[in-house]
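These notes concern the structure reproduced below.
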Amino acid sequence: MSLEFRSECDDIEEAKSPSNTSVAAVAVKNADASVYKIIHGYLKQKNNSIIRVAANVARKAASNKLSRKTSDVFDTLLQKQQSKLGNKAGPLLSGICYCIASCSMILLNKVVLSSYNFDAGISLMLYQNLISVVILLVLELFRVISTEELTWKLIKVWIPVNLIFIGMLLTGMYSLKYINVAMVSILKNMTNIITAIGEIYIFRKGQNKKVWAALFLMIVSAVYGGITDLSFHLVGYTWQILNCFLTAGYSLTLRRLMDTAKQSTKSGSLNEVSMVLLNNALSIPFALILVVIFDEWEYVYQAEVIREPMFWVVATASGLLGLAISFSSVWFLHETGPTTYSLVGSLNKIPISIAGILLFNVPVSVENFCSIVFGLFAGIFFAKAKMS
């Protein structure tokens, strides 16, 4: 043996002696676990080389390390599988919620305005927006959501957007009062045409040939649908055409003022929940002014329908669904993307149109039904053309 190895053996034998037992115990207690394993293995194998003992310990450590790696790989695979299941469920669940909320909102508004013959669209909008604001404030109070502080600087920037938003809601309600749901869905395609033209002049954004072909099909379906509509109502069509212009104006104005609005906040950002609260909260004072100007408060006070409990149930449900649309659309957009969102939005018009015809006993001719189907597929073609 070498001098260094003999010296190490002497030290270990000295540690084994009875006189130094307590010292050895303290040394073992305070030593590193790996060093203790090497020494303990050497004492058990006495005549074997310390290198062999160290190799055995190293082999065991490597085995433990390998088992840990195997466990880590297993955990990673399990996490990926759980994530995969979550990724599949998220878009499906959010899409179902968005479709249900959107369909139900339109149908309930039709029930309130048409079936109950409620002729106060401004008051209905005021009630729905008030419900949304109360719910959002309660959720913020319990720290479920977070919104931006409504400063006067932000309000001044947002007022043009809010005025268009109010006009969009009101014209949409009045059109539903006079037009059947299926034709409203088809005429809403005109919004895409106005938006596409606005993008050219405001944002200098061109459209491809497929988009223009889809827009042309939408025009044809809308015109043919109006001609063959057995329940044609000029006032209702006027409200709906105005609604298309305001809806397109809302999206274009919102896109143009978004950066300015973000700069007007304290955090430098403006999330979707804050925009929902901003729109609904600012609409309340304007709606109150309109209620007074058009004497709706007197009509609402004298209307017999407001004394029916079921009317308030339906009106409240429509307000809750309005907020549900805001949350579900944001959730669905986050889970999928703008392309899937726009495509599902176009597909969503199909069940709305069918439900509107069946639930409200709308008289439909073969020609009008064909124009509705043609318009629905034109909307789907437009969504796919925008993706390319």
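The backbone N, Cα and C atoms fix where each Cβ goes, glycine too.
Just so you know, TrEMBL annotations are computer predictions that nobody has curated.
Residues 176, 181, 184, 314, 317-318, 321-322, 324-325, 328-329, 331-332, 334-336, 340, 344-345, 348, 351-352, 355-356, 359 of the same chain, all 6+ positions outside the transmembrane segment (89-108), place their C-beta atoms under 8 angstroms from a C-beta of that stretch. Annotation source TrEMBL lists transmembrane segment at 89-108 (among others).
Per-residue pLDDT, averaged over the domain 'Sugar phosphate transporter' (100-375), rounds to 86. Among the features that TrEMBL reports, domain 'Sugar phosphate transporter' is placed at 100-375.
What TrEMBL lists as transmembrane segment is 120-142 (among others). Tertiary proximity for the transmembrane segment (120-142) is limited to same-chain residues at least six positions away from its ends with a CB under 8 Å from its CB atoms, namely 109, 112-113, 166, 169-170, 173-174, 177, 273, 276-277, 280-281, 283-284, 287-288, 290-291, 294, 296-297, 299-300, 303, 315-316, 318-320, 322-323, 326.
As annotated by TrEMBL, transmembrane segment applies to 154-176 (among others). Under 8 Å from some Cβ of the transmembrane segment (154-176) lie the Cβ atoms of residues 106, 109-110, 113-114, 121-122, 124-125, 148, 184, 187, 236-237, 239-240, 242-243, 246-247, 249-250, 253-254, 257, 260-261, 264-265, 278-279, 282-283, 286-287, all in the same chain and six or more residues away from its ends.
If you look up TrEMBL, you'll see 182-203 (among others) marked as transmembrane segment. For the transmembrane segment (182-203), the list of distant contacts is 106, 175-176, 211-212, 215, 218-219, 221-222, 225-226, 229, 237, 240-241, 243-245, 247-249, 251-252, 255-256, 349, 352-354, 356-357, 362, 364, 371-372, 375-376, 378-379, 382: same-chain residues at least six beyond its ends, Cβ to Cβ under 8 Å.
Marked as transmembrane segment by TrEMBL: 210-228 (among others).
Annotated transmembrane segment per TrEMBL: 234-252 (among others), in sequence order.
The annotation transmembrane segment is assigned in TrEMBL to 273-294 (among others). Within the chain, the transmembrane segment (273-294) has long-range Cβ neighbours (under 8 A, six or more residues past its boundaries) at 122-123, 125-126, 129-130, 132-133, 136-137, 145-148, 150, 154-155, 158-159, 161-163, 165-166, 169, 265, 323, 326-327, 330.
Annotation source TrEMBL lists transmembrane segment at 310-333 (among others).
Here the transmembrane segment (340-360) has Cβ contacts under 8 Å with residues 91, 95, 98-99, 102-103, 106-107, 110, 114-115, 180-182, 184-186, 188, 329, 332-333, 372, 376, 379-380, 382-384, 386-387 of the same chain, all six or more residues outside its ends. Positions annotated as transmembrane segment by TrEMBL: 340-360 (among others).
If you look up TrEMBL, you'll see 366-383 (among others) marked as transmembrane segment. Residues of the same chain lying 6 or more positions beyond the ends of the transmembrane segment (366-383) and with a Cβ under 8 Å from any Cβ of it are 182-183, 185-186, 189, 192, 210-211, 213-215, 217-218, 220-222, 224-225, 228-230, 339, 342-343, 345-347, 349-350, 353.
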